[in-house]
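Below is one structure; the comments refer to it alone.
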Amino acid sequence: MKFLASSTIVLAGLNVFCTDAAVSRVPMKRIRETSMERIHRYAHTGEYLTQKYMGNHHEHMTETTFQVNPDGGVDHGVPLSNYMNAQYYGEIELGTPPQTFTVVFDTGSSNLWVPSTRCSSIACFLHRRYNSDQSNSYRENGTEFAIRYGTGSLEGVISEDTLTTGGVTVRNQGFAESTKEPGFTFALAKFDGILGMGFSTISVQGVIPPFYRMVEQDLIDEPVFSFYLGKDGGGGDDEYDDETQGGELVLGGVDPSHFTGDIHWSPVRRQGYWEIELEDIKFNGEYADLGPVGAAIDTGSSLIVTPTTVAELINRDLGAEKNWAGQYVLDCNAIGDLPEFCMVFSGKEFCLSARDYVLQVQGQCMSGFMGMDISPPAGPLWIVGDVFLRKFYSVYDLGNSRVGLALAA
């Protein structure tokens, strides 16, 4: 396992030590958002997850392992901006000369897409758009691309161009130029697009994901990437007005300054999502004896998503009730009395306190547990999002088909 050691990146006032190889600096962002915008984003979480986990591409998920033997290369870090404890995103560049975009680095999907200058949707005009006419390295592909969402379809065309992120430059990367983006979900987003980091088996139109290209082109030392997701500073009603700590995506290894103790590994059950086996949960000091079930470790999701009956039981015990937007809200004064929630992976408990799993938005407290029944072939499945990943550093080992977790520092 490759560890980072020497030169420094500054992340929102923190010194992070990285490799003695080239590591690019990506500025962190200060995010301000109204409470209604935050409520809107959480309210549409269900629609977004329905598309990701109940779409039509899951029948292609396989049991095969992607084997690699990398030679040379360097490690690179991509700092991530914390979108109000709801989204984390960083910068990429496409084309020659480079065109800059902000994207969510999403382990729950496998395609890269950004808005196109050929797009006439409102959402596209509110974001940076890729212009193939201005890139000397653009290659036409022309394959049609579509992802169905609850509010409509994101449509576009596959193109190829040079991709750069964290100092890694990938030649001839396939990606989607979106020419139609539905509804207000993307219009209100603080990011331009999405860079999927899941397995190639769930890539729409079979486009090879960027991380696979990095491995194939010997651009990184190991077929491993890892995420540190920072928390907001401040506290109470003012915490969302403060500069937030972002995080970091490391390509080719891990950064030991971002975690303590050992990395605990779990094998991937099924290559598609980064899905590992959830052996049990413990709540209020008692095991639920649920039996093993798949859990997708998903950096592109905000919450912990469980089967509906489980979410109802947990939230009932928290004293949480559904509001007009379908979110579970609870009394902020009760947080100090709420129990730990633990997930068991490969025999080890990973526990969250109430301050970890309760989201505070302008004096209102929302449960980090959401109910959704994900049907076969993807389900039954839990989705383990940022509520969990802010506390635990996550490592994704493509070569050995496994996920590692360690307590974040």
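Any Cβ shown, glycine's included, is placed from N, Cα and C.
Among the features that TrEMBL reports, active site is placed at D106, D298. Per TrEMBL, the feature disulfide bond maps to C119-C124, C332-C365. The domain 'Peptidase A1' annotation in TrEMBL covers 88-406. TrEMBL lists 1-21 with the feature signal peptide.
Fewest Cβ neighbours within 10 Å among the disulfide-bonded residues C119, C124, C332, C365: this applies to C332. The domain 'Peptidase A1' (88-406) scores a mean pLDDT of 90 in the predicted structure. Looking only at the active-site residues D106, D298, the densest Cβ neighbourhood within 10 Å occurs at D298.
Of the recorded residues, D106 (active site) and D298 (active site) place their C-alpha atoms 7 Å from one another.
For C119 (disulfide bond) paired with D298 (active site), the C-alpha to C-alpha distance reads 28 Å.
The CA atom of D298 (active site) is located 27 Å away from the CA atom of C332 (disulfide bond).
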